[in-house]
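Enquirer: Take a look at the following structure, please.
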Amino acid sequence: MDAPMDLDTLMGFMGDFGKYQGWQFALHILSAVTAGLNMLSLVTVAAVPDHRCKIPGENGSSFHNATSIADYIPMLPNGKMDSCALINSTSNSSYRCDQWVFDDTYYQSSTAMDWTFVCDRRWMGAVAQSMYMFGVFTGAVWLGNMADKYGRKPIFCWSALLQLILGVGVAFAPNYYSFIIIRYLYGIVGSAGSYIPGFVLTMELVGASKRSMCGISFQAAFAFGFMLVAGWGALIKDRILLQVVYGCHALVLMGHFWLMDESPRWLWANGRTKEAVAIIQKALKTNKIDKTIDVSKLANEAPPSAGGEEAGMLDLFKTPRLRKMTLNICLAWFANSLVYYGLSLNTGSLKGNPYLILFIMGMVEIPSYVITVFAMDRLGRRFITSTNMILGGLCCIVAANLTMGGSLSTWFVFIGKFLIASSFAVVYNYSAELFPTVIRNSAMGLGSMCARTSGALTPLIILFDSFDPKLPSTIFAVISLISGLLTLFLPETLNKDMPQTIEDGENFGQGDTCFTSCLPTKVKEERAKSLRELEPLKT
């Protein structure tokens with residue numbers, strides 16, 4: 001080796017996606033399956049089936065077959081039974097009941113049934129889910145920063161172990177307060193701790209031509225986790241055993257302590273050049289590429305980012321361009337999550353087997369991801385993200401102005417979800433490619449934090465329908481449209497080398513926006529510049 005080689009040159013020897021990258025990718029993507037499963041586990045474990053008040057003197061009656069229901073239970077204006085009140089036969093007035101009968105058609109056991117998360121206690125179920133989301137929020141920030149400081153692999157592996165312990169342990173929580181505390185800790189490691197480092201590890205290992213496919217595959221694996229929730233829920237009716245089965249899925253991550261490698265990009269950026277080159281040599285051997293690297297010479301080369309180990313989340317805001325890109329991407333994460341969950345709530349009126357509906361809700365995302373994989377490398381990340389967010393926002397407006405529950409409104413809801421699922425998936429890739437290695441995991445964690453924030457706010461925004469039924473969808477649409485338009489000002493990352501240092505990140509894509517790239521003069525200038533750079537090589 002006559003001249004020093006940088007990291008991109010060494011990584012290029014491996015190829016974009018050989019046998020080694022395929023094996024590591026298979027290990028990484030398992031974290032997406034468990035993350036999706038953990039995120040929705042409470043949907044079945046703490047399900048609230050249809051319920052009514054227990055009629056005085058009633059013993060062993062089923063939900064539907066009790067006699068004289070109309071004599072004891074008041075009817076609501078919409079024609080449904082009041083699930084929280086009984087009629088006093090003496091005064092003919094209603095009063096709040098304290099015992100309930102649940103519809104056991106689909107659910108025979110759940111935390112909500114055991115601890116009665118109904119009527120005045122509905123907030124308890126909502127808080128339990130919010131605590132998990134708050135845990136994911138915490139994990140996205142805290143563990144994301146730790147993964148940039150201490151490495152992707154240790155955070156991934158220790159989170160997987162804690163995910164197993166807490167996922168099983170939460171099934172045996174003796175009371176509500178211990179339950180929500182464990183749920184919070186479970187959220188830290190269950191849907192953030194392994195998932196985000198796993199995604200970043202893949203993005204830092206595969207070549208530019210395979211980032212789209214691998215990144216979108218993570219989203220499909222996450223949706224597959226939704227389907228597992230439905231599948232196991234339909235088979236296992238005991239809520240304790242069901243949660244134990246959910247928690248035991250983390251066993252598939254236990255071998256990663258020995259099987260998975262650290263990111264060569266992270267090692268190189270943190271001055272651990274010899275370890276980075278050792279992994280690259282291992283990859284070359286696995287991929288059967290005959291290339292010799294002078295390890296001793298490379299070990300003496302200065303690492304590409306001195307002080308990279310001290311970089312953290314605050315570095316995303318220290319320089320002007322990185323600060324603008326960070327705020328823009330954070331809004332994109334926030335808006336995508338908000339519209340995704342907002343549109344999902346509009347399909348809540350579907351009747352039928354809840355397990356089948358949940359399964360279909362996960363499966364419907366797969367076609368969106370398949371199309372996105374083929375479109376990303378042709379249309380670019382910026383175009384896909386912006387266009388789908390704008391069109392998804394418009395679908396929110398159209399659906400809100402049609403008769404809710406009608407077939408046409410439902411079609412627009414599903415079209416909107418199809419589009420937002422696509423843009424949400426691309427945002428993961430876009431974020432990983434836009435920010436430099438030394439703060440990439442922090443950027444992903446910050447984005448995930450913004451997504452979890454909007455996910456928690458969505459139910460609160462839905463409450464605004466008491467003022468105007470169209471108001472929630474309008475809020476979703478406006479935020480999505482604004483973010484979609486602002487995304488046009490971000491640089492394109494398609495087929496670009498990923499930045500390594502803070503300086504690289506600040507200079508990445510300077511002058512590149514959708515508006516400048518679309519101008520004919522800009523294209524001519526770029527072409528002329530490329531020709532000028534090639535001219536000395538020809539001579």
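Yeah, the Cβs are placed from backbone N, Cα and C, and that goes for glycine too.
Because the structure is a prediction, the values reported are computed rather than measured.
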Enquirer: When TrEMBL marks a stretch as transmembrane segment, which of 260-280, 470-490 is it?
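Expert: The listed stretch tagged transmembrane segment in TrEMBL is 470-490.
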Enquirer: Find the member of 25-48, 213-234, 383-402, 470-490 that has more C-beta pairs under 8 Å to the transmembrane segment (355-376) than any other listed stretch.
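Expert: Per the Cβ count, the answer is 213-234.
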Enquirer: Between the transmembrane segment (325-343) and the transmembrane segment (180-201), are there at least three Cβ pairs closer than 8 Å, leaving out pairs fewer than 6 positions apart?
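Expert: Stretch pair does not touch.
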Enquirer: Which residues, given as numbers and ranges, are at least 6 beyond the ends of the transmembrane segment (240-259) yet have a Cβ under 8 Å from it?
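Expert: Distant Cβ neighbours of the transmembrane segment (240-259) are 27, 30-31, 33-34, 37-38, 41, 44-45, 109, 153, 156-157, 160-161, 163-164, 166-172, 194, 228-229, 232-233.
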